[in-house]
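For reference, the structure discussed in these notes is given below.
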Amino acid sequence: MVGLQHPFQRLRYVNRQSAGLSDILVATAGRNLFSLDVSSGQRLDVWPQPIVEAPTGETSGATPASEGQGPPEKRRKLSSPAADEKDAEQEKKPAPEAKSMDSKKQDTNAWTNIPLLAVAQSKYVIIMTAEDKCVRVLSLADNGKLQELSSRIMPKKLSGLTLTPDESTILVGDKFGDVYAFPLIPSENYVRSQPQAKAYEPSATNLTVHTKRNLESLEQQMKQAALAKANPEERVALNFEHQLIIGHVSLMTGLISVSRPADSTVGPRNYILTADRDEHIRVSRGVPQAHVIEQFCFGHTSFVGSLCVPSWEPKVLISGGGDNYLLVWNWLENQILQKVQLPESETDITVSGIWDISFSPAAGDAASVQTIFVALEGSTQLLCYSLENGNSLALKQTLELCGNVLDLTAIDSKGSIVVSVDTLRQPNSTTAWKSMSQPPLETFRVSAGKWAPIEDSMVLQINGEGTSGVPEGLEQKKQTELNDAVYGLAKLRKRDGSDD
Amino acid sequence: MTTPQNPPAKRLKREEYRRELQAQQESTDDGSVIKMPQKKFFRQRAHANPFSDHRLEYPISPAHMDWSSHYPAFVDPDPTKTNLSGARKLTKDVEVVDIGCGFGGLMVGLAPLLPDTLMVGMEIRTSVLEYLSSRIHALRSQQQRLKNRAETSTEPQPEGEGAPVNDDDVGTTKIYPGNFENITAIRSNTMKFLPNFFAHHQLSKIFICFPDPHFKARKHKARIVSESLNTEYAYVLRPGGLLYTITDVEEYHHWVLRHFLHQPEEQREDGTIPDSSKDLFERLSDEELEADPCVRVMKYETEESKKVTRNNGKKFVAVFRRKADPEWST
């Protein structure tokens, strides 16, 4: 492996044993999505495919930068292919970035990273590409090949992506605090609404505004309204079947979907848990009744970035974020079961991830494994807790990795976990770059009751092949952009601002 | 808000005025009349950005909220009864909220009508809130003096009936039921922090009077009525509780109706209507509004409604009842 490589930002294990297929690891790094064979570590596919020319269909969305070419130009405003056609027809909005636009070809600079990743029904991969705010569903073929099926443009950048328990509906939460639901596979019969030339009419009248200045601006609005009639506005985001189901007036920082099994009094029930920058954890009913708020869980004093309901203990929620503690909840009752102090640190602590990992007893192992892993932003430590008596966390072990922990996933078939670590930045730094990348994955397995590093040919193979490259001598601004893409949480902490 | 254009003289004058006012309100009964605060020293632009952090104080949860300093007359006599923040508990819960209460005309008007109900006005603008706090303080002090005089005097004291005259300069000259001990004002951004103050189903009434219309479509997300916010109103409002709205902007009135009631165009091909927060509300009939004295106060007593009357504007009222939560769908 040479030079600098993007770390794996997100990892997911796809268990396909029930379908009689080999298991797959899907991972995002830089602007690419990889599918990797779990037994051999062999790279099965990279999306988007490096293609020089772009004779592909409209939705396949290829023509990426070839690997090693480095991070593309950052671009925020982007139109859908449909909109591009309109642009081409109407020739308005002479935006400078539109120069390379082509309705048949997607811009190579559309995004630089893929911060959200989910897997549905073991055969669909859902990602959000960052800068173009696009939710893309790809099919994961039996042979591991990836093909884009749909792309849906959201109005705001997303901060959460999950699925309903039946894995047929995508739930996304955005930076404006809204949660949308839409079908995994868009239905055929949805009619795209044509941008209507709906005449704008000012809702103020000379009865509601009185000052000279306001009356003047009302007059201006009237003029604008007359102008707008001749010049219809078009907006491309959300032009697909969707429903706005939950809204916070805050930046959404966490979104999970939970299924509670039936108990003696009530049947099985689905819930959506959302968290925001204003310290809230909200418990809403699942789709289609997400408008009914059942509870708020109060106790954090900084943003809540991570939510985890252990699969083996669905009555319990573990939450963390900008506080130097975790909270363990009976989430349906707004009852704090435990406040877990995180290890002392000189700087502010930010929880970047909480994972529930469980394996049923494997051959040779007497006991099953149930561990809660907690990672801190910009830290090489991985904290391993056990959930005792279904109500309290006990720190069992702290794993020290070679780089900052970014994501992890369980490999069920091996009873191990794979952890992705930062390849670009120095250990315990979110800004200082290395001159040479380190391997992107490490793997652990429980041995004699303790998590211990193991050798795994899959990981060796993946680490040997590397991810996608980052050019040497990247200017500072670009480096900062890449840093922010991976370490954005600490910035959510509130500072004493000015008052108005 | 302090802006560079503000001549320092203006700010100094305001500060001096407020100091004097406070001193006067807290002075002992020397026979003088307690002055009401004057609005001109508290004016502030009519808009605030609900998305910014401001420097807000809010409780971690409703069980942490210290109401005792707000309603001293309702503090539980048992000092051992405290809430999660160690504050004294009240003998009853706050039940009525005026979201965006402004200068507090509605609060003051409602106080004698519902003397045993605790009500709070929430306002995001600091100056305006200071005015209202000062106003409530002055009213309570006036009432206290009137009561003291009634005890020492043999002459019958005049008793106020219904809503007091909202005379900014004079305040009250009669004793009113509740003596304004049941109202208070708090600085808050309800769009973010309403559930921090009020627990599930705690409220019986929410008022939204002459909300900032946010005329531009781009700003509609900042409107205080939206399907998302309505789910929070439903969370804090008990089933049977009422949500009152009034506006002078006809388009906003239709916006309100559209966001609380199912619209014909929502109907799907199979005749069903998608579930939404609209399932949680129903509109009150005109007869019901007619019979509700709160509607009259809302229509005629608030500062904004008087301004609309002065300008011959129109007023659009809509009141919604919180229905029970739907059965769980499985």
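Any Cβ shown, glycine's included, is placed from N, Cα and C.
Just so you know, TrEMBL annotations are computer predictions that nobody has curated.
Binding of S-adenosyl-L-methionine is attributed by TrEMBL to B:Glu123, B:Ile124, B:Asn189, B:Thr190, B:Cys209, B:Thr302, B:Glu303, B:Glu304, and within the candidate set B:Gly100, B:Gly240, B:Gly271 the record adds B:Gly100 to that site.
Around B:Glu304 (S-adenosyl-L-methionine binding site), taking its Cβ as the centre, 22 other Cβ atoms fall within 10 Å, counting all chains.
Annotated pair B:Glu304 (S-adenosyl-L-methionine binding site) and B:Asp212 (active site), C-alpha to C-alpha distance, rounded: 11 Å.
Here the binding residues for S-adenosyl-L-methionine are B:Gly100, B:Glu123, B:Ile124, B:Asn189, B:Thr190, B:Cys209, B:Thr302, B:Glu303, B:Glu304. Their largest Cα to Cα distance works out to 21 Å. Spacing of B:Thr190 (S-adenosyl-L-methionine binding site) relative to B:Asp212 (active site) is 13 Å (Cα to Cα, whole number). In this structure the alpha carbons, written CA, of B:Asp212 (active site) and B:Gly100 (S-adenosyl-L-methionine binding site) are 9 Å apart. Residues near B:Gly100 (S-adenosyl-L-methionine binding site) in space but far in sequence (CB under 8 A, at least 6 apart, same chain), listed by position: B:Met122, B:Glu123, B:Ile124, B:Thr190, B:Ile208, B:Cys209, B:Phe210, B:Pro211, B:Asp212, B:Ile224.
Long-range Cβ proximity for B:Thr302 (S-adenosyl-L-methionine binding site), meaning a same-chain Cβ under 8 A and a gap of 6 or more residues, is found for B:Gly102, B:Gly105, B:Leu106, B:Gly109, B:Cys209, B:Phe210.
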